[in-house]
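These come from TrEMBL:
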- 1-24: region 'Disordered' (REGION)
- 71-90: transmembrane segment (TRANSMEM)
- 97-116: transmembrane segment (TRANSMEM)
- 146-169: transmembrane segment (TRANSMEM)
- 190-209: transmembrane segment (TRANSMEM)
- 221-241: transmembrane segment (TRANSMEM)
- 374-392: transmembrane segment (TRANSMEM)
- 412-433: transmembrane segment (TRANSMEM)
- 494-517: transmembrane segment (TRANSMEM)
- 542-565: transmembrane segment (TRANSMEM)
């Protein structure tokens, strides 16, 4: 994950004394149940639709595995990309409260439409003709209805997910509190743990309902939960601390690039000549840093009388930017390489369709009367993530701090590296297990029967899910904390949405990888590695490709982490030690 922004410090300075008591009288822990409930219901509803969707597309819409998988990859890409748009809209225009509210309503409408595809027979192709063994393809109108429901759900996620974490942090963040860093670190961890529990419920409860009561009930329950999500969020409206949208970060970034280019021929002011740079009133940052120095020309004052308005702002923001704008863009550019290292891991985490097909062909019986749904094995990913967060926060850190006699924490870059290594191992394990499953299917004479159940327990899939869960716990939480701590406070929503953007890029690239492998391996009439018949295909080889890419990415991460240098906190610690 699956998104934060705090208020710009300049906005706080501009607030009148009369507004301050009202601001501090709102927010706090009382708002947490409502915010977390809204996010939790949304996650249970939306994530519960994903696992069995490949089976719904194959059986009810008569799609092949490759086509259905690519559609789901693009849907997940849209769901992970819209949070960037949501963060931009929240920061620039609507504020987080309205963005979350509108997102909740969009998700609700999308889920109602998806439920209608299961309720109305005319909204999807008729069942296959068993006599002639032919299946009708869906019409354009039927596909339009299905895709429109996906679009609305993605737009809804784009409103809720980038702002919920930030909206919750808004209620708690007090940067003048010496314990603020620890409070936020704990908040991020427990937020992910609660989100993980929600997804766990989705992967068990919702999937179980779909398997045993059909899609009419299985799609109806998420719609009801999404209705509750919206109602709970709006119910607590009087208690929220609602930060107003301040400015357009994206517009600011574009302005910096354009003005820096227009001023490319200007000479830099003399060292320590801070009066030559335009900055906000009472700002602590009066001169830009030397890194990415070419961008500094965007904030050089050429003619004070023409460039500066009477109130101290730029007379034309497309001709002169502030030092703060320049430094915000620099901060974003600086974290970009480390952000890109999480894409391969996100590709591995997005492998939902193939494990469902594998599990459906394996022995899923826990007892004679209970069978784990094929779409529920992803719960082991969530369980391992949640257990690690709890164990790390409540056992490892307190114990290490007690032993050393001072607060101890694992650096974010080390945590991200550990996560990337674990996802490499997860893909190796995935390939080995699938190779064993396929051999058992062929040995049992099921090569032409992909729906047959082999005498191999589906619990063999659990280790790969657990490894990916631990990987996500290290890297996803580490990346979110890294972005939040390294980027300016005014970019907090962007900071949290960056991980979602990585997921979106990963989903698109995952679809590209599947399409390339399908095209290359099916040439000459050969059976594709990602064939609809998984016993004839070679999903194990597909996993080996991902494993190789993951190991290459790990070395790329080492290079990026070294090039980045110390994080903000590490740099502060080094400076304080040098001062002694």
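Glycine too: its Cβ is placed from the backbone N, Cα and C atoms.
Source: prediction; values computed, not measured.
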Original post:
In the same chain, who gets a Cβ under 8 Å from the transmembrane segment (374-392) while lying at least 6 residues past its ends?
Top reply: 51-52, 55, 189-190, 192-193, 196-197, 199-200, 203-204, 207-208, 210-211, 349, 352, 355-357, 359-360, 364, 458, 461-462, 465-470, 472-474, 477
Original post:
If you count Cβ pairs under 8 Å, which stretch among 71-90, 97-116, 221-241, 494-517, 542-565 touches the transmembrane segment (412-433) the most?
Top reply: 542-565
Original post:
Going through 71-90, 97-116, 190-209, 221-241, 542-565 one by one, which has the most CB pairs that fall under 8 Å from the transmembrane segment (494-517)?
Top reply: 71-90
Subject >> Residues of the parent chain within Cβ reach of the transmembrane segment (97-116), under 8 Å, 6 or more residues beyond its termini >> reply: 38, 42, 45-46, 49, 86, 89-90, 123, 145-146, 148-161, 163-164, 167, 216, 219-220, 222-223, 226-227, 229-230, 233-234, 237, 240, 242
Original post:
So what's near the transmembrane segment (221-241) in sequence-distant terms, Cβ-Cβ under 8 Å and 6+ beyond its ends?
Top reply: 23, 26-27, 30-31, 34-35, 37-38, 40-42, 44-46, 48-49, 97, 100-101, 104-105, 107-108, 111-112, 114-115, 156, 167, 170-171, 206, 209
Original post:
When you scan the chain for residues with a C-beta under 8 Å from the transmembrane segment (71-90), skipping those not six or more beyond its ends, what do you find?
Top reply: 2-3, 5, 46, 50, 53-54, 57, 63, 96, 98-99, 103, 150-151, 153-155, 157-163, 166, 245, 248-250, 350, 352-353, 493-494, 496-497, 500-508, 510-511, 514
**OP:** Would you kindly list the residues that approach the transmembrane segment (542-565) from elsewhere in its chain, counting only those six or more residues past its ends and only Cβ-Cβ distances under 8 Å?
**Re:** 334-335, 337-338, 340-341, 343-345, 347-348, 351, 354, 413, 416-417, 420-421, 423-424, 427-428, 430-431, 434, 513-514, 517, 529-530, 571
